[in-house]
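In TrEMBL this protein carries:
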- A:69-268: domain 'ABC transmembrane type-1' (DOMAIN)
- A:349-539: domain 'ABC transmembrane type-1' (DOMAIN)
- A:25-49: transmembrane segment (TRANSMEM)
- A:69-92: transmembrane segment (TRANSMEM)
- A:104-129: transmembrane segment (TRANSMEM)
- A:149-171: transmembrane segment (TRANSMEM)
- A:191-214: transmembrane segment (TRANSMEM)
- A:247-267: transmembrane segment (TRANSMEM)
- A:299-324: transmembrane segment (TRANSMEM)
- A:353-375: transmembrane segment (TRANSMEM)
- A:387-405: transmembrane segment (TRANSMEM)
- A:411-428: transmembrane segment (TRANSMEM)
- A:475-498: transmembrane segment (TRANSMEM)
- A:518-543: transmembrane segment (TRANSMEM)
Amino acid sequence: MTESVSREKSGWAAELKVLTREPQILLVIGILFVLFACFIIYPFIKIILVPSASDWAAAFTGKEFYEAFWHTMASSLLATTSAMVLGFMYAYAMNYTEMPCKRFFQVVALLPTMAPSVVSGLAFIMLFGRRGFITWNILGLKTDLYGWFGLWVVQTIAFFPLAYITISGVLKAISPNLELAAQNLGARGFYLFRTVTLKLATPGLASAFLLVGISSLADFGNPMLVGANYHVLATEAYAQVVGAWNLPMGAVLSVVLVVPTLLVFFVQRYYLEKNSYVTVTGKPVSGLNRVTVSPAVRWMLFGVCLFIALTILLIIGVVFMFAFTRTFGYDYTFTMDYFVEGVLQSASMKNSWIASIATAGITTVLGILLAFLTLRRRFPGRAVLDFLAMLPVSLPGTFIGLALIMAFNSGVVELTGTLTIIIIGMTLRQLPVGYRQAVAGLSQIDKSMEQASTNLGADSARTFFKIVVPMLKNALSISLVYSFMKSMNTLSTVIFLISPEWNLASVNIMSLANQGFLTVASATAVGMMLTIFATFGLAKLLLRDQINIFDL
Amino acid sequence: MKFKKVAAACLTGACLVGALGCGGGGGDKPKADNNAQSLKGKELVMYVSFHEDTAKELSKLFKEKTGCEVKFIRLPTGEAVARLQAEKDAPKADLWLGGTVDAHELMKQKGITTPYKSKFDENLPEKYRDKEGFWKGTYVETLSIGVNEQRFEKEFKDKGLKMPETLEDLLNPAYKGEIIMPDPAKSGTGYTFVSSLVQSMGEEKALAYLKQLKGSVAQLTPSGFTPAQKCGAGEFLITVNFLSDQTLVNNKGQKLHRTVFKDAGWSLCGVSKLKGGAHSAEADAFIDFMLSKEAGDILVKTTNGIACNPKSAVPEGLKPLNELPLFDKYDFAQAGKVKDELLAKFAAL
């Protein structure tokens with residue numbers, strides 16, 4: 001490995017030479033490259049080779065293609081912006097104010113991630129749609145959510161939790177001493193916020209924007225449910241494959257989604273690498289209290305948080321009503337039948353749990369390793385590794401799934417139908433989250449502490465475990481918690497990976513909902529939320545202060 | 001005296017039935033027993049595009065009869081097609097059960113399925129099975145117009161409108177924005193509607209009709225089932241999709257008035273054996289089983305479709321196949337051949 005690469009450019013050679021002094025690091029980098037080559041590059045090449053030149057030509061000459069492309073860009077930009085704005089206000093309120101019911105808000109904010117979008121999206125339509133419980137039955141309004149507006153609202157709710165926890169992690173990592181210093185120098189209110197807090201939060205915010213933006217580009221469930229005649233690339237790609245049985249065209253549309261990802265990626269990289277945003281420097285900050293906001297701002301923020309929380313609760317409430325009443329809207333008799341059928345008599349919840357726990361663990365470890373290497377070590381191919389870690393999130397999940405079965409259906413590594421391939425699929429999907437969280441956390445921490453550790457004689461591994469990991473507790477927690485929740489109800493990625501032995505609860509929920517069994521689907525979704533809560537409770541019990549669950 | 005006569009008649013009858021039963025079963029029984037022994041401890045893996053409960057009941061009965069374990073997952077037709085193609089070089093299943101027959105035809109052309117001539121093929125009329133034995137029909141799906149009864153009574157009856165039951169009725173401007181149907185470009189159900197219209201009316205007339213109808217349609221959905229669901233929920237008044245989907249919604253309590261309109265298009269749900277599956281003999285046995293009357297009865301009971309096996313019962317409240325006003329000459333092969341061309345024309349309307 002060393003020899004083969006060192007024959008390349010001299011700059012690389014120099015970097016490699018430094019690295020050879022740390023064989024462990026070299027080994028880890030080598031392993032990561034091999035893993036990425038196997039599980040990201042190889043499947044991606046497999047699927048990119050499906051369409052022929054004429055398929056590409058056909059796609060680029062159709063007007064549907066351009067329409068779907070602009071729809072995707074527009075809806076994604078809208079939803080990302082609104083989710084970021086709401087997420088920022090929410091996170092700011094949680095971290096910078098003393099408002100009542102904080103714990104309640106923290107728990108509710110994560111709920112949209114716990115319920116599969118199939119169920120919560122349907123619940124949203126039942127509440128506010130053409131025959132919505134609220135819009136039609138109570139208010140008598142004629143509304144129609146199908147189209148870009150409904151999609152905007154639904155995607156905003158769907159991506160709000162990711163925006164919130166990512167931003168919250170960023171705000172938490174900002175050391176209060178700079179803000180206090182600014183305050184001592186006379187900065188107040190919005191001026192202080194704009195010139196200090198916001199400035200320091202910038203890399204984190206950019207990172208969050210990238211993450212949310214790219215996730216929403218590939219979002220499939222929401223446009224499928226409420227987009228109706230407003231087609232986006234992810235739904236078009238899916239429809240081309242499963243509706244028109246045109247795999248090549250679906251592949252073309254999916255690959256196109258990589259373009260905006262590349263764009264966002266380079267802009268962000270260029271922008272971030274120019275500036276330093278280090279605030280955690282190892283100087284003592286304990287005992288310092290954060291500057292808090294004025295009462296007027298506090299109550300305004302409280303209002304915003306309450307509104308968001310109530311909207312979320314309303315939607316989840318409908319899911320519960322579906323799960324535990326005979327026929328919601330007609331017969332409100334309490335029943336446990338659906339819960340028994342969907343959760344207690346089904347093995348798929350256990351499968352989902354096993355796969356999701358494994359995914360959360362792998363994602364978090366890989367994420368922090370990658371972040372540490374790309375930010376703190378110089379080696380050839382650093383940018384490639386960085387990009388590859390982000391690539392899978394921009395592809396529609398169905399394509400990750402299809403690419404994986406095409407790549408690993410036969411031959412040396414035969415994985416179709418196994419638990420392994422499910423975990424690989426889930427990990428590819430969640431890795432960017434774990435990685436981005438670690439990057440955001442790490443870029444706020446001064447290198448000097450690691451250098452101090454090295455100077456005191458610790459090697460890379462020791463520095464990593466003793467210095468880096470403990471400082472990234474919150475980033476690690478976010479990665480664990482979020483990728484666990486997301487994997488539990490991920491759908492598009494695993495649709496093609498499940499097998500009779502390894503069926504998953506999320507696929508069951510969609511299958512049931514699509515067959516009209518909304519009640520059992522909702523009950524399974526409730527079971528999933530309970531499973532997630534129970535797991536978090538257990539984690540808190542076992543790990544105590546070593547993990548943050550809701551105070552992210 | 002009278003009593004004796006009746007008793008004698010009963011006895012004769014019983015003997016006759018018994019004899020017939022033995023005679024009829026005589027050929028089958030030992031074979032079934034052989035199967036029971038030979039397939040005990042064996043297993044079969046299926047991809048199923050039927051509803052879950054249909055698949056469960058079929059596998060249960062098959063296991064009772066043969067001792068063979070059945071493992072399956074449910075995949076909607078389109079997902080099954082994508083997956084079968086991706087797994088072509090090393091299939092992970094032995095059998096594909098359910099899914100419209102045009103998809104089975106495609107799998108045949110792509111060399112993914114393999115022919116099997118069953119000795120029970122004769123159980124099905126010829127038009128319900130592939131001549132070369134690649135696929136067999138299981139039940140027939142027919143298109144139907146579904147109307148949300150509650151909404152029609154409340155909002156439309158007073159306007160002097162009569163229940164929409166014909167294709168012409170759908171063009172009434174009163175229903176503009178209230179009709180939902182599957183997208184022909186993305187759903188087999190939707191395409192069946194368009195192509196059967198073109199075949200029965202002639203292309204020019206059909207496209208003129210579709211152009212007018214398209215102006216009234218609020219949503220073209222990617223899934224064939226969604227329209228029935230949204231119509232049941234009252235979001236839209238009228239749905240045009242498969243009768244069995246409408247019946248499913250109806251039986252859950254959201255009443256839909258269903259009419260199989262004149263010259264309605266239809267489709268078959270098929271079963272095919274996959275080339276290179278690990279359990280070939282088991283797959284053959286399952287296809288034999290699918291051709292039986294009992295399997296047909298399960299299909300009827302759980303899907304509300306009409307079984308291809310004429311001996312199976314007809315769903316409650318439905319007429320047998322030959323009495324429905326279906327478009328009898330509907331040609332799957334022709335429909336598949338002109339698909340791209342026709343869809344382009346539909347998109348341009």
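Cβ coordinates are placed from backbone N, Cα and C, and glycine is handled just like the others.
The stretches the transmembrane segment (A:475-498) and the transmembrane segment (A:69-92) are not in mutual contact, being linked by fewer than three Cβ pairs under 8 Å (pairs 6 or more apart in sequence). Only residues 6 or more beyond the boundaries of the transmembrane segment (A:149-171), in the same chain, are considered here, and those with a CB under 8 A from a CB of the stretch are 75-76, 78-80, 82-84, 86-88, 90-92, 94-96, 109-113, 117, 120-121, 124-125, 129, 197, 201, 203-205, 207-208, 211-212, 215-216, 219, 221-223, 225-227, 230, 308, 311-312, 315, 433, 436-437, 440-441, 444, 474-475, 478, 481-482, 552. In terms of C-beta pairs under 8 Å, the stretch of A:69-92, A:191-214, A:299-324, A:353-375, A:411-428 lying closest in packing to the transmembrane segment (A:104-129) is A:299-324. With respect to Cβ pairs under 8 Å, the transmembrane segment (A:387-405) is most closely packed against A:247-267, considering the stretches A:25-49, A:69-92, A:191-214, A:247-267, A:353-375. With Cβ pairs under 8 Å as the measure, the transmembrane segment (A:518-543) is packed most heavily against A:299-324, out of A:69-92, A:299-324, A:353-375, A:411-428.
Away from its own ends, the transmembrane segment (A:411-428) comes close to residues 38-40, 351, 354-356, 358-359, 362-363, 366, 392, 397, 400-401, 404-405, 483, 487, 490, 493-494, 497-499, 501-502, 504 of its chain (Cβ-Cβ under 8 Å, at least six residues beyond either end).
Long-range contacts of the transmembrane segment (A:299-324) within its own chain (CB-CB distance under 8 A, at least 6 residues past either end) are made by residues 86, 89-90, 92-93, 97, 99-100, 104-105, 108-109, 111-112, 115, 119-120, 123-124, 126-127, 133, 157, 160, 293, 334-336, 338-339, 342, 518-519, 521-523, 525-526, 529. Each of A:69-92, A:191-214, A:247-267, A:353-375 was scored by its Cβ pairs under 8 Å to the transmembrane segment (A:25-49), and the highest score goes to A:353-375. Cβ atoms under 8 Å from those of the transmembrane segment (A:247-267) belong to residues 47-48, 50-52, 55-56, 58-59, 65, 68-69, 72-73, 76, 210, 213-214, 217-218, 233-234, 236-238, 240-241, 387, 390-391, 393-396, 398-399, 402 of the same chain, restricted to positions at least 6 beyond its ends.
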